[in-house]
Amino acid sequence: MSSPADLADQGAARATARTDSFDGLRLENVTKSFGSFTAVDDLDLDVPRGSFFALLGPSGCGKTTTLRMVAGLETPTSGGITLAGNDITYAKPYKRPVNTVFQSYALFPHLDIHENVAFGLKRRKVGNVDAQVTEMLELVELESQARKKPAQLSGGQQQRVALARALINKPEVLLLDEPLGALDLKLRRNMQLELKRIQTEVGLTFIHVTHDQEEAMTMADTVAVMNAGVIEQMGAPQELYENPRTTFVANFLGQSNLIGGTIKSRAADVVTVDMHGVDVSIPAARCHADGDEGWIGIRPEKVLIGDPGEQLDAPGNSIPGGVVTDVSFVGVSTQYQVRMPWGQEIQVFAQNTGHRRIYRPGESVELSWRPDYAFLLDASQDAKAGAQEGTD
Amino acid sequence: MRWLREHVVLILGIAILLYTFIPIFVVVLMSFNDPSSRLIYRFDGFTMDNWLHPCEPEGLCSALGTSIQISLLATLGSTILGTLMAFALVRHDFLGRSSMNLLIFLPMATPEIVMGSSLLALFVATGFSGQLGFWTILIAHIMFCVSFVVVTVRARLAGMDDNLEQAAMDLYATPRETFWRITFPLVFPGILGAALLSFSLSFDDFIITNLNAGNTTTFPMYVWGVAQRGIPMQVNVVGTVMFAISVLIVVGGELNNRRRSKALATAS
């Protein structure tokens, strides 16, 4: 397995590989304002051809506006959009090889399923419509429903019709606007796998807009985290999760403990930070702080919990003086809240492997983590940005 | 007593139905009447004569023809104008849109006698007093029908998901194709309802028509006129036919709905 630091390097290499022969979808300096409100702010984005790309962010972050600009349903206030080198910034929606699966599905209620799916082909005067529609309905396993009206189908079936109706046109880019939002959890999981399977099968570029971080990570090979009209960070799901660059990404994608610290020394490959009297080291590639202060970030499942003085997975940073304040047993893991000497509560997820006992509230513990897993973020950022409790 | 208490709603319901339908039964019955005198309104004997010679009373069929012509033209005019207005009010933002939305209700809220007399004053003031007749009636009818069309079509249009039109455009439909394949078929039931409403409002109108008719006679004016000399039984034939047509339309619509919901029920 490649280490998180390697993944970060790959990300940097990909970012510099913007060449003119780029055949995917490119957004350059795109800004969209509605009156005084800037929904999308100077956005640059490259979506490689054939990738499953997720645009992830909280509601109101500009992700749907971005999608609508790609579809042609909104025009950028400034900037340009190119698809395989062709400028499509101002092209009409019916003139671009882009199709959308709408959040509400937007199936035509007066047409049956077959007619809905055939709609795009018929408008383009393509031949052999019936055979193609039948084939597409087979792909989404709805061939027996072809003569029904949309209202006669269940939510999951309607979702698949919406997908078939867009896919049949073999667009260069398929846009999915939170298409799974209306489905219940179980159906959503099935549809996630289904979508991923279809994408692999047809090999089209998919851009999936979602506010569900788990969905984005499961399905996409590249995730762009969007906040307040700008992209905070973009990369492979694992890269984003393991090495977030901003507090927003650290909190929005999974959970993070963010602990204030003062940078003591910067070496070529390692940065040493004073964390409330304990020296912790962080690989230089995982340091995204400019000043002398920073937020030390560590994922709850990377934190090990043990008895005071116990040797935990050396060579780790070892932080003594914790007291367990809350324990939740959730089956696969136990989630602890540990109050540290400086008053902050640190979240710890311990796998229930059976090798270790479960601590009770009030017990003194020592925490530890491998330096490789920690990351350092700029102190100027809000440590609560993107946290799930704070936003809702 | 107990039986009565349990069935009071049913009994009242039947009573109210009878109350509404008895006049219509009378109309149907009288269309087969063979009266002994024009002045006594009584069922004297059964005959098919009224049905076989509906145009026998002088002026009836020409009045009916005028009414049908005016109603059809008024329906066409008001439906086209009203539909266009409804689209403008729902789809476009322009100066004075909200006041326009209120003004639309004005003709519906104005008493007919006021509207009819002010229209007459307008026609006279603008020098059309000599031309009162078919065209002035038509103008008046289109005017008061338009509001009803706007309100009906607007409700249908406002209830439509905008995403449908965007989806059509996304699926390579030009604005024209989007309108004819998506928007129009979805708004059509509203337009049809508005047209039926306009037809019956126009066909039925007496007060405004009477004030602006000049020498032209519509069917309601004919009935009003002959009522003083005894109504010929053929009027009941026309009434029965009109009633039968409305029943057919309502029943047809209901059957269509039932077929649709039955299809829905079997699917789920």
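Quick reminder: no glycine exception, Cβ is built from N, Cα and C everywhere.
Unlike curated entries, TrEMBL annotations are predicted automatically.
According to TrEMBL:
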DOMAIN    B:64-253  domain 'ABC transmembrane type-1'
TRANSMEM  B:7-32  transmembrane segment
TRANSMEM  B:68-90  transmembrane segment
TRANSMEM  B:102-126  transmembrane segment
TRANSMEM  B:132-157  transmembrane segment
TRANSMEM  B:178-201  transmembrane segment
TRANSMEM  B:231-252  transmembrane segment
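Scored by C-beta pairs under 8 angstroms, the transmembrane segment (B:68-90) has its highest count with B:132-157, from the stretches B:7-32, B:102-126, B:132-157, B:178-201, B:231-252.
Among residues of the same chain six or more beyond the transmembrane segment (B:132-157), those with a C-beta under 8 A of the stretch's C-beta atoms are 66, 69-71, 73-75, 77-79, 81-83, 85-87, 89-91, 104-108, 112, 115-116, 119-120, 123, 186-187, 189-191, 193-195, 197-198, 201-202, 205, 208-209, 212-216, 218. Counting residues 6+ beyond its ends, the transmembrane segment (B:231-252) has Cβ neighbours under 8 Å at 24, 27-28, 30-31, 33-35, 38, 41, 50-51, 53-57, 60, 64, 196, 200, 203, 219, 223 in the same chain.
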